[in-house]
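Visitor: Once you've had a glance at the structure underneath, I'll fire off some questions.
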Amino acid sequence: MVLLLGSVAMLAGFPASRILSRLYYQDGGQSIWLLAWTAVAGWPITVVALLPFYMKRAMAPTQLTISLMVAYAILGFSSALDNLLFAWAYLYLPASTASLISASALPFTAIFAYFILGKKISAPTFNAIGVITAASAVLAIDSDADRPPGVSNSEYALGFILDVAASALHGLIFVLSERIFIKYVGRESVHVILEQQAIVSLIGFAFTTIGVIASADFSKMVSEAEVFSQGSVSYYMVLVWSAITIQVGLLGSVAVMYSASAVLAGVLNSVVVPVTTIAAVLSLQDPIDGFKILSLILTGWGFGSYIYGGYSRSQSSESVALSEPLIQETNIHLFPDARGSQYVSQTSS
């Protein structure tokens, strides 16, 4: 039951958060800072999820040293910047396109892992990098047919660049996260991952809140709600559910890792991309043509190659299998969910 609920949470929460991000702009929202703020505003949900580990399992919180807090502060600031870049990209890109482009976080993660962690790039991973890069290039070629109404060529190009930049920062954040685990924490488990997610999200929330206050966007919420095409109630619901759905997806990924494995969580995280694309086409009437379908196929091919390489390697080292729960201390590293700087685990490759 936990596995089923976690899987549903991942496949519903992540796509919903991305679609709501685009819906906010499509129906009249204008604040980049406010949308970035919703990506981390739900951090108390993760804290609530941590309580059973402390209260019922008598697990002690990880000791926060000065070095660890500085590292978390850097991650938190990077998280805030990453969320801002993604929010800005969604202003100019359809949700389906933004989701496909953000899949480029995977090759960026592999490249940064090579230089920072010394992890080898296997043949399947190298293939994944090439294929996913080609998928993004296909979308760039088809920009004329994919621009939302009122978005100029230069704005669409800016959105594309911002999405790629956010994906690159995404990859760097998660490689640095693993580096922090190795250097300062020394272990990875469910409650430790939740701790890092909660602390980094809280710090990111603080930075983003400063940005929202400085831009006076909180005071603009009333006027935005009044002109929102679906009504003021829908405006606030979009923001609230945008904050909730991404946390639901994150907790779902942890539930899948807890009851099954990091490999299965990675597989489901890959499925999120086509689910988001199809959902955006159906719910937001995103344009879709042969180029976008080709990009979707290439993205799926790249993810499949990456997962196959990771699974084969984990099988050979007997570090993790689909039937082996994370509670038994598997060797994993953090992998982005491609909407904001949050944490979803994936096997090494």
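For all residues, glycine too, the Cβ spot is worked out from N, Cα and C.
In case it helps, TrEMBL gives these features for our protein:
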- 34-54: transmembrane segment (TRANSMEM)
- 66-91: transmembrane segment (TRANSMEM)
- 97-117: transmembrane segment (TRANSMEM)
- 124-141: transmembrane segment (TRANSMEM)
- 156-177: transmembrane segment (TRANSMEM)
- 198-216: transmembrane segment (TRANSMEM)
- 236-256: transmembrane segment (TRANSMEM)
- 263-284: transmembrane segment (TRANSMEM)
- 290-309: transmembrane segment (TRANSMEM)
Visitor: Take a look at 66-91, 97-117, 236-256 and tell me which one has the most Cβ pairs under 8 Å to the transmembrane segment (290-309).
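Guide: By the under-8 Å Cβ criterion, the transmembrane segment (290-309) pairs most with 97-117.
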Visitor: Test the contact criterion for the transmembrane segment (66-91) and the transmembrane segment (236-256): 3 or more CB pairs under 8 Å, pairs 6 or more apart in sequence, then answer yes or no.
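Guide: Answer no: the transmembrane segment (66-91) and the transmembrane segment (236-256) share fewer than 3 Cβ pairs below 8 Å.
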Visitor: Against which stretches of its own chain does the transmembrane segment (124-141) lie, if we need a Cβ under 8 Å and a gap of at least six residues from its ends?
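Guide: For the transmembrane segment (124-141), the sequence-distant neighbours (Cβ-Cβ under 8 Å, at least 6 residues beyond its ends) are 97, 100-101, 103-104, 106-107, 110-111, 160, 164, 291-292, 294-296, 298-299, 301-303, 305-306, 308-310, 312, 349.
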Visitor: Give residue numbers and ranges for long-range contacts of the transmembrane segment (97-117): same chain, 6 or more residues beyond its ends, CB-CB under 8 A.
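Guide: For the transmembrane segment (97-117), the sequence-distant neighbours (Cβ-Cβ under 8 Å, at least 6 residues beyond its ends) are 15, 18, 22, 86, 89-90, 125, 128-129, 132-133, 135-136, 139, 146, 159-160, 163-164, 166-168, 170-172, 174-176, 178-179, 182, 272-273, 276-277, 280, 286, 292, 295-296, 299, 302-303, 306, 333, 335-336, 338-339, 349.
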Visitor: Are there residues at least 6 beyond the ends of the transmembrane segment (34-54) whose Cβ is under 8 Å from a Cβ of it, and what are they?
Guide: 17, 21, 24-25, 60-61, 79-80, 83-84, 86-87, 90, 190-191, 194-195, 197-198, 201-202, 204-205, 208-209, 211-212, 217-218, 221, 239, 242-244, 246-248, 250-251, 254, 339-342
Visitor: Quickly jot the same-chain residues contacting the transmembrane segment (156-177) by Cβ under 8 Å, restricted to those at least six beyond its ends, or write none.
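Guide: Those are 71, 74-75, 78-79, 81-82, 85-86, 88-93, 98, 101-113, 116-117, 136, 139-140, 143, 146-147, 196, 200, 333-336, 338, 341, 343, in sequence order.
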